[in-house]
Structure formats: C-alpha cells, structure tokens
Amino acid sequence: MTGAVSAAYWIAAVAFLVGLGITAALYAKLGESEDRGRLAALAVIPGFAGLAYAGMALGIGTVTVNGAELVGLRYVDWIVTTPLLVGFIGYVAGASRRAIAGVMLADALMIAFGAGAVVTGGTLKWVLFGVSSIFHVTLFAYLYVVFPRAVPDDPMQRGLFSLLKNHVGLLWLAYPFVWLMGPAGIGFTTGVGAALTYAFLDVLAKVPYVYFFYARRQAFTDVVSAATADREDATDAVGDGAPTAAD
C-alpha cells in the first residue's frame with residue numbers, strides 16, 4: 001500500500017465520522033417521529049464504513065488470492081452498507097417489505113459476485129462479472145421502475161426519494177466502470193488509481209446521502225405534526241360539542 005492510498009483511507013475514515021455525526025443530529029431532530037427508530041439504522045452506513053476504512057488504512061483484511069489482491073474490508077463494507085443505501089430509498093418511497101428486501105438482496109449479490117470475479121481468472125472471471133452485472137441491472141429496475149410506483153403524492157417525500165434515487169443511481173454507474181478499468185478487470189488503471197477512486201466514490205455516496213436525510217427531515221417530522229394537529233382538532237371538536245351546565 002502506498003502512502004497516498006493510506007492517507008486517502010484515513011481521510012475517508014474521518015469523513016465517515018462526520019457522516020456519523022450527521023445521523024446523530026438527525027436522530028435528535030426527529031423528536032417524536034414514528035420513523036425515528038428505523039432511521040437510527042442510518043448510522044450503520046457511515047459508522048461501519050469508517051471502521052472498514054480505518055482497518056484498510058492499517059492493512060487489515062487485504063489478501064492475495066490466485067495472484068490477485070483482494071481488499072477484503074472494502075467488500076465487507078460494501079456488502080453491509082450498500083444494501084442499506086438502496087433499502088432506505090425503498091423505505092422513503094413507501095415500498096413493500098418484499099420490494100425493499102428484493103433490492104437489498106440484489107445489491108448484496110452484485111457485490112458478492114463482483115468479489116468472486118476479483119479472485120478468479122479466465123472465463124470464470126467474466127462469467128462472475130456478468131452475473132454481478134445482471135444483479136446490477138435488477139437493482140436499477142427496483143430504483144427506477146418498482147419504487148416510483150409506490151411513492152405517495154407528498155411533495156417532500158417524493159422530492160427526497162427522487163434525490164436519493166438519482167444520487168445513488170448515478171454513482172452506482174461509476175463503480176463497475178472503475179472495476180472494469182482497474183487491475184481486477186482489463187488493467188487499464190493501476191491499483192493505486194482504483195483505490196483512490198473507490199475511496200472518493202464511497203465518501204461521495206454515503207456522507208451526502210445521510211445529509212440529505214437530515215436536510216429534508218421535514219418529510220418525516222411533518223407527518224407527526226399533521227397527526228398531532230388532527231388529534232388536537234378532534235379534541236377541540238369534542239370539547240365544543242360537549243353539553244354544559246347552562247345547556
């Protein structure tokens with residue numbers, strides 16, 4: 001590992017610490033929102049990624065298999081955090097649990113077969129890459145076909161869904177290209193170049209992602225405010241209609 005790669009990994013770890021702080025602020029701001037408990041799981045995304053990058057900076061989990069270097073913690077990070085990224089998009093869309101589980105599974109299998117393609121060679125490498133690509137396309141079908149059908153007619157919720165979907169969608173187009181151009185693929189770029197690009201993409205994918213939830217938290221708090229207002233209106237109506245001694 002070069003000094004540049006090690007430094008990039010440490011910078012990424014610090015950036016994810018910032019992301020963890022953002023999720024803590026979001027949790028505090030949500031107050032009585034019924035989404036508060038579920039959205040607390042967002043902390044896993046920057047938290048786990050930060051630990052993984054700290055480990056990568058220390059050289060933990062990097063192994064050589066069949067002459068190919070596999071940065072194990074990178075793939076462990078991806079297989080834990082990226083299903084959460086796409087799963088929460090489905091949650092914001094109001095998709096069914098089955099659909100959310102489907103997109104998370106497609107994402108995890110995409111990563112798993114991609115890791116398999118790194119440590120194999122010849123025809124098998126490209127077969128595994130092809131299978132990974134199929135799950136990649138399946139993931140996009142969920143994001144751009146299945147989930148939009150479930151989004152309620154609420155401007156804030158629809159806006160947050162669109163933002164998250166396009167943010168992740170655009171970045172997910174870059175990852176297979178970097179893999180293909182790097183040592184695991186056709187070897188057009190060096191391992192250092194691929195490592196630096198992956199670190200940049202990971203930070204760009206995850207830290208702004210949790211910030212978007214914080215910046216648009218009204219999509220969740222307004223639901224609570226509306227419900228509270230309805231209860232207060234109902235209470236007032238009962239009070240106004242109740243008989244008094246004068247009656």
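Cβ atoms are placed via backbone N, Cα and C, with glycine included.
A C-beta separation below 8 Å, combined with a sequence spacing of at least six in one chain, links LYS206 (N6-(retinylidene)lysine) to PHE16, GLY19, ILE45, PRO46, ALA49, THR81, LEU85. In this structure, LYS206 (N6-(retinylidene)lysine) is part of a helix by DSSP. The N6-(retinylidene)lysine annotation in Swiss-Prot covers LYS206.
Through the fold, the topological domain 'Extracellular' (1-4) approaches residues 59, 62, 192, 196 of its own chain, all at least 6 residues removed from its boundaries and within a Cβ separation under 8 Å. If you look up Swiss-Prot, you'll see 1-4 (among others) marked as topological domain 'Extracellular', on the strength of similarity to another entry.
Here the topological domain 'Cytoplasmic' (27-35) has a mean pLDDT of 82 out of 100. For 27-35 (among others), the entry in Swiss-Prot reads topological domain 'Cytoplasmic', with the evidence type similarity to another entry.
Remote same-chain residues near the topological domain 'Extracellular' (58-71) are listed as 1, 115, 118-121, 183-184, 191, 195 (criterion: CB distance under 8 Å, separation of at least six residues from the stretch ends). The topological domain 'Extracellular' annotation in Swiss-Prot covers 58-71 (among others), and the record cites similarity to another entry as its basis.
Feature annotation from Swiss-Prot assigns topological domain 'Extracellular' to 120-123 (among others); the stated evidence is similarity to another entry. Long-range Cβ contacts of the topological domain 'Extracellular' (120-123) within its own chain (Cβ-Cβ under 8 Å, at least 6 residues beyond either end) map to 66-68.
The annotation topological domain 'Extracellular' is assigned in Swiss-Prot to 183-190 (among others). Sequence-distant contacts of the topological domain 'Extracellular' (183-190) (same chain, at least 6 residues past either end, Cβ-Cβ under 8 Å): 68-69, 117-118, 129, 197.
Among the features that Swiss-Prot reports, topological domain 'Cytoplasmic' is placed at 224-247 (among others), with the record citing similarity to another entry.
The transmembrane segment annotation in Swiss-Prot covers 5-26 (among others), and the record cites similarity to another entry as its basis.
Among the features that Swiss-Prot reports, transmembrane segment is placed at 36-57 (among others). Listed by sequence, the residues of this chain that lie at least six past the ends of the transmembrane segment (36-57) yet keep a Cβ under 8 A from its Cβ atoms are 6, 9-10, 12-14, 16-20, 22-24, 26-27, 30, 71, 73-74, 76-77, 80-81, 84-85, 88, 91, 199, 202, 206-207, 209-210, 213, 220.
Within the chain carrying the transmembrane segment (72-93), a Cβ under 8 angstroms from the stretch's Cβ atoms is held by residues 38-39, 41-42, 44-45, 48-49, 52-53, 55-56, 60-63, 99-100, 103-105, 107-108, 111-112, 114-115, 139, 142-143, 147-148, 150-151, 157, 160-161, 164-165, 168, 198, 202, 205-206, 209, 213, 219, all 6 or more beyond its ends. According to Swiss-Prot, the transmembrane segment annotation covers 72-93 (among others).
Under the heading transmembrane segment, Swiss-Prot lists 97-119 (among others), citing similarity to another entry as support.
Residues or ranges marked as transmembrane segment in Swiss-Prot (evidence: similarity to another entry): 124-151 (among others).
Non-local neighbours of the transmembrane segment (155-182) in the same chain are 85-86, 88-89, 92-94, 114, 129, 132-133, 136, 139-140, 143-144, 147-148, 188-191, 193-194, 197-198, 201, 204-205, 208-209, 212-213, 216, 218-219, 222; each lies 6+ residues outside the stretch with a CB under 8 Å from one of its CB atoms. The transmembrane segment annotation in Swiss-Prot covers 155-182 (among others) and is backed by similarity to another entry.
Nonlocal intrachain contacts for the transmembrane segment (191-223), taken as residues 6+ away from its ends with a CB within less than 8 angstroms of a stretch CB, comprise 2, 4-5, 8-9, 11-12, 15-16, 18-19, 22-23, 25-26, 29-31, 33-36, 39, 42, 45-46, 49, 53, 69, 71, 74, 77, 81, 85, 88, 92, 154, 156-157, 159-160, 163-164, 167-168, 171, 174-175, 178-179, 181-184. According to Swiss-Prot, the transmembrane segment annotation covers 191-223 (among others).
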